[in-house]
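Novice: So TrEMBL lists these for the protein:
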type	residues	note
DOMAIN	8-117	domain 'PH'
DOMAIN	138-165	domain 'EF-hand'
REGION	436-467	region 'Disordered'
DOMAIN	504-547	domain 'PI-PLC Y-box'
Amino acid sequence: LTEDEDVQRMLRGSLLRKIKSRGVPRERLFRLQEDGATVCFEGRFRGARSPQSFSVLHVEGVREGHQSEGLRKYGATFPERHCFTIVLKGKLKNLDLAARGEEDARHWVQGLTKLMGRLQAMSQPEKLDQYPFWIHGVLQRADRNKDNKMSFREVKSMLRMINIDMDDGYAYRLFKECDHSGNERLEGRELEEFCRRLLRRPELEELFGQYSGEDLVLSAEELQDFLRDQGEDASLRQARAVIRTYELNEKARQQDLMMLDGFMMYLLSAAGDILNQEHTKVHQDMSQPLCHYFISSSHNTYLTRNQIGGTSSTEAYVRALMSGCRCVELDCWEGSDGEPIVYHGHTLTSKILFRDVIESIRDYAFKQSPYPVILSLENHCGLEQQATMAHHMRAILGDMLLAQPLEGQDPHSLPSPEQLKGKVLVKGKKLPEQWHEPQGITSLLEPEEEEEEEEEEEEEKFQERSRRQVRGSLCGVKGPQHAMALTPRWVLQAKDASQVAPELSAVVVYCQAVPFPGLAHALRHPQPWQMSSFSERKARKLIKEAG
């Protein structure tokens, strides 16, 4: 790919602005390294300038334009065609970037996409060929004074570059054990030893020793014994094939021998995984009724951090859906300007618009899996904003929203995931059919037991926080002056939040939330489209009484 125009531009580097919530975004040089797998840029660590990098292997995707929450909020002053987002895997934060021009942005989006595809398609030997270039580049960047020696500070910088989050005390102990010269610097073989110690797996070394004997080399026959002990019907030919694929030492490979490094490479590869690789794809029968399956579900999906004062973000929905989640939760509350909001009620978590959440779900619901997505609504809105919620779901999701039972479906059985491919289902309360008119008639329904218990717990927490606040900051206030301040805000909203707007009721089809009628009644009168939620306390009680 080095001759590719997009990759060449990335190798030369581009001045890009990193868009963040605070401060004026300044230009930084982003440049692809010679290894073709690492992008470096200047960042800040604890207020000081620090070289930073990320591996293309850690990139989950690239989005063009204002397609992230960060760019929608803070990147409006930059033309959309100049902007793009690099989505990183796991807990790594997204990079929202703005280029000087449309051409630069296009080169980076296309170049990263090509490199991601190339790296994913690389064989194990090809990846190993790249490794020395990659680690050499990291060491060069971490060596700030270019003396070919690494101080402990430079070693910590190296660990950050390769995304190793290690306890400082443990890292320093390793550093001292490898510093044979005692000059507080690692060089040459000392540095190589440090890197090897980072990769050590004592349990695999012990396993290797059990099968290889005193010479610490596995013959094809010994590897065959190991494979058979793992329950594999391995032939000598298969054992030799494993050695030729994973052994790093060329001389050993030619003699059908395997060293420790090759053995570890095999065990840590997909071929050595306990999971059958055929099962990384859907291999089950997906034509059974929906309730026959465990469904990968997310609780308080909108939160990126803790449940008391953390940040709510549409990106949390994107990550959940991209990790294969098929049921996401929306805690819906009354917002200003007639717009419902999503956040963890009664807490200091930030708020996001319901409309923005639905847009993110539309864009990412079926990128990772074609099977149905369930929106579990915890509804605390009044009738007017409930109707707004229904309007947003219909307008934004369009045909993706299942608003009618499937034609020809047996009413006594739920449809299957196969039948519901590409559909979004809403879980929520529903009006009795005879009241299901668009004239605004409402029904006061009994709240679910789980919600009642959760709200009791939340209220207790709120009262305790309130007592602490009064003790800490209102010590001189007496009498009823602060009584209203301690009234939970949701009490004022609750007057019609337990009612259901006909518009919202209409989009609840196969996932109607109802109070649990008891096991005996449920078994006598099965209603497959109804579902009940339990607190853990209630579930344990049911297990104990009627397991």
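Here the Cβ of each residue, glycine as well, is placed from N, Cα and C on the backbone.
Help me understand the surroundings of these features in the structure.
Specialist: Under DSSP, residues within the domain 'EF-hand' (138-165) fall into helix, strand and coil as 15 helix, 1 strand, 12 coil.
Mean pLDDT for the domain 'PI-PLC Y-box' (504-547) in this predicted model: 91.
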Novice: Residues sitting near the domain 'EF-hand' (138-165): Cβ under 8 Å, six or more positions beyond its termini, same chain?
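Specialist: 38, 40, 45, 50-55, 58, 92, 171-172, 175, 184-187, 191, 194, 198.
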Novice: Could you give me three numbers for the domain 'PI-PLC Y-box' (504-547), the DSSP helix, strand and coil residue counts?
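Specialist: DSSP classes over the domain 'PI-PLC Y-box' (504-547) add up to 20 helix, 5 strand, 19 coil.
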